[in-house]
Amino acid sequence: MTSIGITDREPASRRKFSLAWIWLSVAIALADMLVVVVTSVVLGATYYRFVLDSTPPLAGHLGEGITFALMLVIVSGLRGDYRRSALLDDVRWPLDLWVAWTIAFGAVIALMFLLKSSLDMSRGVASAVYVAGFGLLLVTHFIATRLVAALAASGRVRPRRVLLVTRTGASDAATAIAHDPTITASAFEVVALDDRADPVGDVVAIARDLQPDEILLSLPFQDAELIDRVADGLMVTPATIRLAPTGLSSRVFALSHEGVGGVVLARAPLDAWERMQKRAFDIVAATAGLIALAPLLVIVGILVRLDGRGPALFRQTRYGFNQTPFTVFKFRTMRVAEAGSDFTQATRDDPRITRLGRILRRTNVDELPQLLNVLMGDMSIVGPRPHPVALDDAFQSRIAHYTRRHIVKPGMTGWAQVHGLRGETDTDEKMRMRIEYDLVYVENWSLSLDIRIVLMTLFYGAAYRNAV
């Protein structure tokens, strides 16, 4: 493999301990909120104590500070001021901070005026909060940017990983990357297709191992057939795929702290902020579900043990995010456990299913132990259902883009299931329709869609249709 830089690619075991940028953004946002709240409370209390000679209404000052802080974070987030490129630009971030603080402060003052609550805040205190708040925010951001730069230099901040695919290892993009001082040596890896007997298969395998944020195809325009094959193969990876044909101006590549340029062929289904939202929703929902359903889980576990020989929990290997194997948990509903090449799909009136198992399957109660999988991070509350490995192996070569369903975590329920697409998939057409619904979910994810699917699972009859 051809690599750019002075170090070899870091192994996965080391990469996963580096700090993702999203958590630095969250930390800086929380620091902003703390600075604004403390400034508002201290200045407000000082004004009441020493100017008005009265007891400060600390609850009121705290409420005002929280309102200012929340508005600042919202405005900064919408403007993209917590992005890597914004915070690492020493010329840009002070101006961005002033604009965001001014907009946020003005919006809160206007809101207080409309609600007639601005009478409780003197103009002197408001002016002091604005000036002192901005000054302290400048100090906080200066310290934060220096700390981030130091962490990045020490390798503690995970760089954006970009996989560059070329014909020979030499291209306009490779040259631009090699001479870009803002790119760390471990951030980029180059794959030369001409050196490989199975270029598409090798690139996909490398992409799965590297788990890049972006994949840049720097291939000649005249190699349209090769571009199609490589791009089609890489659709199974959870990365943004861009095309930057060789021979174009270096401006096309537009390298920056945020990523690379080029024509977007496929976008990653979730960015870092969206992944954090989804994970937070998963943790809250799974924790609440386990607490609320604990008595039911215990009772069902006992009943399963009494209903027949064998463990209460059924464990089986499934493919998860990025087609990584994991162990899924379910309540045992069959007398016989099958896996690997011996797997046989459950059918209606299947003699292997126990009496209790039929009830558990038709009510989806057999899936509840997967709340543990969600907390462990192998699954999500909502996502494409994980199929047995043998089923995946059988269909992925027969249905186009079948494995693209693995670019998000598998879920306990999904868009296909709430539309009645569950149960036995004994024909290619049944599986193809299910995959179409899975891919609609993958390409259109939003937190509101996840919540909608959860509600449909709980209250919509189609979610229980065709269960076996």
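Heads up, the Cβ atoms here are built off N, Cα and C, so glycines get one too.
The feature domain 'Bacterial sugar transferase' is assigned by TrEMBL to 278-459. As annotated by TrEMBL, transmembrane segment applies to 21-46, 58-78, 98-115, 127-153, 283-304.
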State the residues, same chain only, that lie 6 or more residues beyond the ends of the transmembrane segment (127-153) and have a CB under 8 A from a CB inside it; answer 'none' if no residue qualifies.
19, 24, 27-28, 31-32, 35-36, 39-40, 43-44, 47, 68, 87-88, 90, 93-94, 97-98, 101, 105, 159, 184
Ranked first among 21-46, 98-115, 283-304 for CB pairs under 8 angstroms with the transmembrane segment (58-78)
21-46
Lying 6 or more residues past either end of the transmembrane segment (21-46) yet within Cβ distance under 8 Å of it, the residues of that chain are 56-58, 60-62, 64-66, 68-70, 72-73, 76-77, 82-84, 87, 121, 125, 128-129, 132-133, 136-137, 140-141, 144, 148, 151, 157-158, 272-273, 275-276
Same-chain Cβ contacts of the transmembrane segment (98-115) under 8 Å, 6 or more residues past its ends?
64, 67-68, 71-72, 74-76, 79, 81, 121, 126, 129-130, 133-134, 137
